[in-house]
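TrEMBL lists 16-391 with the feature domain 'Cation/H+ exchanger transmembrane'. The feature transmembrane segment is assigned by TrEMBL to 20-39, 51-74, 86-108, 120-143, 155-178, 190-214, 226-246, 252-270, 282-301, 307-326, 338-357, 369-393.
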Amino acid sequence: MQILLIIGLIFVLGSFMKVFVQNLGILNVVGYLILGVIIGPSGFNLVPKEFIQGSSFIIDMSLSLISVLVGANLRYDILKDMLRQIFTISFFEAIFTFLFISISFYTLFDLLNFSFNHEYRIIAAILFGGLATATAPATILAVSHEIKAKGKFNSFLLGIVAMDNAFALIFFSFIVIISKTFIDASSIDAHMFLSIIKNVVFSVIVGIAGAFISEIIDRVFKKNQGVKTTSTLGMIFITFSVSQYFSLEPLLASLVMGIVASNLSKNFFLVKKEFDNHLKDIIFLLFFTISAMHLNISFLTQMPLAIIAYVAFRIIGKIVGVWIGSKLSNADDNIGKHLGIALFPQAGIAIGLALSLQDMTDFETIAPIILNIIIATTLIHELIGPFLTKLILLKYSKYTKNR
């Protein structure tokens, strides 16, 4: 089946699915995931496996844009008065989420019915822990825009989501390298940690360079917004590809590019607006539909406890981490009590990181299982998450009005 025919099919069916789920009050992301399952191997098998296996360029294109848009929310002029608190809360939230998931999965390994060898217990546990730290920025942003949320709580939430995913990308980079060390039966030494730090530092440098080059090009076309948007899009893809070519962390490089570009250029918000208005829906449709095609329904029926455990311990870790972080940073009590629940959604970044494991031969035994659980839990996170986030934002908005 031709690639263009499949993409056309995704666009047409995706349009119908979008209207259908919107009438039910459900986010588009859930509809796209369901569509992927229906037309994929676990459903009517309308899409050949060759297309799914060869669609990595679409996934990479989507992830580069998603990461840049996440980073673009970390603007110093908006967050400068609360940056220290956001950093502290995000750090402890990420740490406790990682610990809750990793420890629980390692402890409950036999009960969760995993088929991994004993040597993969630690590796699987810490990989799940790293993935759990990510949050769905697009979902939370959509809810915030829907109810026109404003004020300190909303600014904290959006800032923490962006910082949260920055930590998720950095943590995951460390975890992958440490996991490879376990698999290779090599010792964890100073050289290994130096390699990790070098990997992260060079990824950051590539992201910064991409942002500066993009800004220089934009100044050449300063009177033509359409050309600026196109050139910025090109630099996003180049930044991602360069970091990928040198075996760095392309998601981290893209996120850094988004952070630097949004703080470097006063007009970057116009480019971001163009992406939001014209590209985001297309990118999300392709990314989530193709991601869901990897889902193996028969496999999931064998380990429902793993799905429940991931969802439960992830949100507990976030709630505890936010509360501790808010206490240590002297943040408002309402942030400590409620913001953790608002971080329930999880989607693109986690799926992207799980997909990245598929291409690593060291993880070929466990990568499909991890990806299936992440996609399955994404359906839960994206069905329940928006309602929880909306409830918390509305509750705090009323609080600020009465204050």
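Cβ coordinates come from backbone N, Cα and C, glycine included.
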Region pair the transmembrane segment (369-393) / the transmembrane segment (190-214), three or more CB pairs under 8 Å: no
Contact call for the transmembrane segment (155-178) and the transmembrane segment (20-39): at least 3 Cβ pairs under 8 Å, seq gap 6+: no
Stretch-level contact, the transmembrane segment (190-214) and the transmembrane segment (120-143), CB cutoff 8 A, at least 3 pairs: no
Chain residues in Cβ proximity to the transmembrane segment (20-39) (below 8 Å; excluding those fewer than six residues from its ends, i.e. six or more beyond): 9-10, 13-14, 46-47, 136, 138-139, 142, 281, 284-285, 287-293, 295, 297, 347, 375, 378-379, 382-383, 386
Recorded stretch that, among 51-74, 252-270, 307-326, has the most CB pairs under 8 Å to the transmembrane segment (226-246): 252-270
Top Cβ-contact partner of the transmembrane segment (282-301) among 51-74, 86-108, 252-270, 307-326 (pairs under 8 Å): 51-74
Stretch-level contact, the transmembrane segment (51-74) and the transmembrane segment (307-326), CB cutoff 8 A, at least 3 pairs: no
Surrounding residues of the transmembrane segment (86-108) on its own chain - C-beta under 8 Å, 6+ positions past either end: 79, 121-122, 124-126, 128-130, 132-133, 156, 159-160, 163-164, 166-168, 171, 305-306, 309-310, 313-314, 316-318, 320-322, 324-326, 328-329, 331, 335, 339-340, 343
